[in-house]
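Colleague: Okay, handing you the structure first.
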Amino acid sequence: MRFRSPYISTRLEQSHQGVLTTWSVIAAFTTYFCMYAFRKPFTVAQYEDLVFWGLGYKVILLFAQISGYALSKLIGIKVISEMTANRRAAMILGLIAIAHLALLPYAVAPYWLKPVFLFLNGLPLGMVFGCVFAFLEGRRVTEAMAAGLCASFIMASGTVKTVGAVLMQDYGVSEFWMPFATGALFWLPLLVGVWMLQQIPPPSERDITARAVRSPFNGAERRQFYRSHATGLTVLILLMVLLTLFRSVRDDYAAEIWAGFGIEKPAIFAQSETLVAAVVIALSAIAVLIGANFRAFFVGMTLTGIGFSAALGTTLYYWGTTSWTEQAAFLFMVLIGISLYVPYVLFHTTIYERIIAMLRYKSNIGYLLYLGDFAGYLSTVILMATVNLVFAKNLDFVALLFWLALIISPLSIAGTLFVIRYFYLRQAVPQTGQPQQLNLETHNRLNPDTGIVS
């Protein structure tokens with residue numbers, strides 16, 4: 001699919017860096033924000049009277065969709081890391097169209113079959129982030145662009161839940177038709193966002209010098225890269241697993257957590273997440289001001305450690321609270337959200353990006369993104385299954401959030417310190433047996449559409 005305007009792309013390439021950054025942020029934010037309208041709205045319904053196989057129906061639906069999403073991340077390790085530039089836009093639209101179509105039979109299928117269609121809904125959506133991020137990576141301002149992209153998945157989750165809740169409460173849309181109806185409202189802005197992404201020019205020579213060439217990354221190169229830094233990358237992925245577990249519980253069970261506080265207002269989702277996004281994006285974009293790659297990586301990991309420390313402190317402060325006011329619950333959810341999303345966003349905007357730039361590998365960020373995401377979502381599926389089988393219908397989601405914070409935060413702080421030391425030593429000592437590094441002359445022979453050297 002080609003709907004790039006050479007005129008607009010050239011003007012953007014020749015424009016001030018701030019113009020290109022603003023365009024890219026709007027494009028990425030719009031596209032990924034709209035994707036959430038096809039993924040998250042069903043979670044706002046609680047399906048309170050439905051129980052299957054001894055489990056709450058919402059648990060089964062979440063399990064099905066996240067299983068598809070996790071499998072998508074596994075597939076994406078290969079597909080996204082090897083994807084050429086000319087396939088990105090068509091892939092984004094195709095993946096979302098498949099996900100939306102799956103919501104149509106979901107609306108009318110019998111209860112026992114609905115989880116199958118939510119699995120099919122999640123299966124394509126896990127690869128959308130990598131397609132969008134590929135337009136942004138490898139630039140001196142990647143952190144600023146990616147911060148806008150990551151703002152979308154913080155704000156969109158709450159906003160599309162609010163839209164879904166309004167459709168049910170104010171317009172009488174059923175809880176099973178609501179996901180399809182919500183998605184239908186977002187197709188027009190999605191098309192605009194993808195069109196804008198297509199106009200973004202490839203990284204400049206100055207970008208290449210600062211951040212290394214980004215190109216398709218084949219299987220042999222991926223294995224070589226991982227073996228060269230196996231210990232550090234493994235701990236980094238384990239940190240992503242812990243982050244994803246914590247974030248998924250807070251996000252996917254937000255309706256139940258707010259209900260546990262005694263608050264059931266549709267607008268609360270968008271209000272809390274918009275505030276979280278504003279703080280998180282301001283903090284995560286700081287790294288764009290830091291030119292030295294290890295220094296930016298160090299700042300990102302330090303803020304990650306501070307985020308986990310804040311989550312632990314917030315949890316201990318509110319531990320034992322039995323009577324929640326709306327103000328106290330709102331403050332708790334916002335503080336926990338900021339504490340979680342600062343590290344989560346930094347992984348996506350700075351940490352992976354600067355590791356590649358620091359080590360100067362011929363690679364792209366898609367490999368690390370999808371390796372971490374697959375491990376994280378697979379662990380989420382296992383946690384959901386285990387917790388719900390053990391506690392069945394008596395699960396207290398507020399208590400679960402507290403216990404996760406208490407267990408995950410100290411482990412993550414220790415892992416953060418280890419990763420900082422590991423990559424400090426690795427970046428200080430030249431490595432042998434690295435995959436081929438591409439220089440500027442080689443980069444100039446890259447086809448801008450395919451990313452393949454001519």
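Backbone N, Cα and C atoms are what each Cβ position is placed from, and that goes for glycine too.
So TrEMBL says this about it:
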type     : residues : note
TRANSMEM : 20-38    : transmembrane segment
TRANSMEM : 50-71    : transmembrane segment
TRANSMEM : 92-112   : transmembrane segment
TRANSMEM : 118-137  : transmembrane segment
TRANSMEM : 144-164  : transmembrane segment
TRANSMEM : 176-197  : transmembrane segment
TRANSMEM : 230-248  : transmembrane segment
TRANSMEM : 268-290  : transmembrane segment
TRANSMEM : 297-318  : transmembrane segment
TRANSMEM : 330-347  : transmembrane segment
TRANSMEM : 367-391  : transmembrane segment
TRANSMEM : 397-424  : transmembrane segment
Colleague: Quick one: find which recorded stretch in 92-112, 176-197, 367-391 has the most Cβ pairs under 8 Å with the transmembrane segment (230-248).
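Modeller: Per the Cβ count, the answer is 367-391.
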Colleague: Hey, would you say the transmembrane segment (50-71) packs against the transmembrane segment (367-391), going by three or more CB pairs under 8 A that are 6+ residues apart?
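Modeller: Contact criterion met.
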Colleague: Cβ under 8 Å, sequence separation of at least 6 from the ends of the transmembrane segment (118-137): give me the contacting residues as numbers and ranges.
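Modeller: 24, 27-28, 31-32, 35, 38-39, 42, 61, 64-73, 75-76, 79-80, 83, 85, 88, 91-92, 94-96, 98-99, 102-103, 106, 145-146, 149, 153, 197, 200, 211, 214, 348, 353, 364-366, 369-370, 373, 377.
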Colleague: Sort out for me which stretch, of 144-164, 176-197, 367-391, has the most Cβ pairs below 8 angstroms to the transmembrane segment (268-290).
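Modeller: Against the transmembrane segment (268-290), the leading stretch is 144-164.
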Colleague: Would you kindly check 20-38, 144-164, 176-197, 297-318, 367-391 and say which stretch has the most C-beta pairs under 8 angstroms to the transmembrane segment (397-424)?
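Modeller: That would be 297-318.
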Colleague: For the transmembrane segment (92-112), what are the same-chain contacts with Cβ under 8 Å, counting residues 6+ beyond its ends?
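Modeller: Residues packing against the transmembrane segment (92-112) from afar: 1, 31, 34-35, 38-39, 50, 52, 57, 118, 120-125, 127-128, 131-132, 174, 176-177, 179-180, 183-184, 190-191, 194, 197.
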Colleague: Cβ pairs under 8 Å with the transmembrane segment (176-197): which stretch of 20-38, 144-164, 367-391 has the most?
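Modeller: If we count Cβ pairs closer than 8 Å to the transmembrane segment (176-197), 20-38 scores highest.
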Colleague: Where else in the chain does the transmembrane segment (144-164) make close Cβ contacts, counting only residues six or more beyond its ends and a cut-off under 8 Å?
Modeller: 21, 24-26, 28-37, 40-45, 129, 132-133, 136-137, 178-179, 182, 185-186, 251, 254-255, 266-267, 269-274, 276-277, 280-281, 284-285, 288, 337, 341, 344-345, 348-350, 353
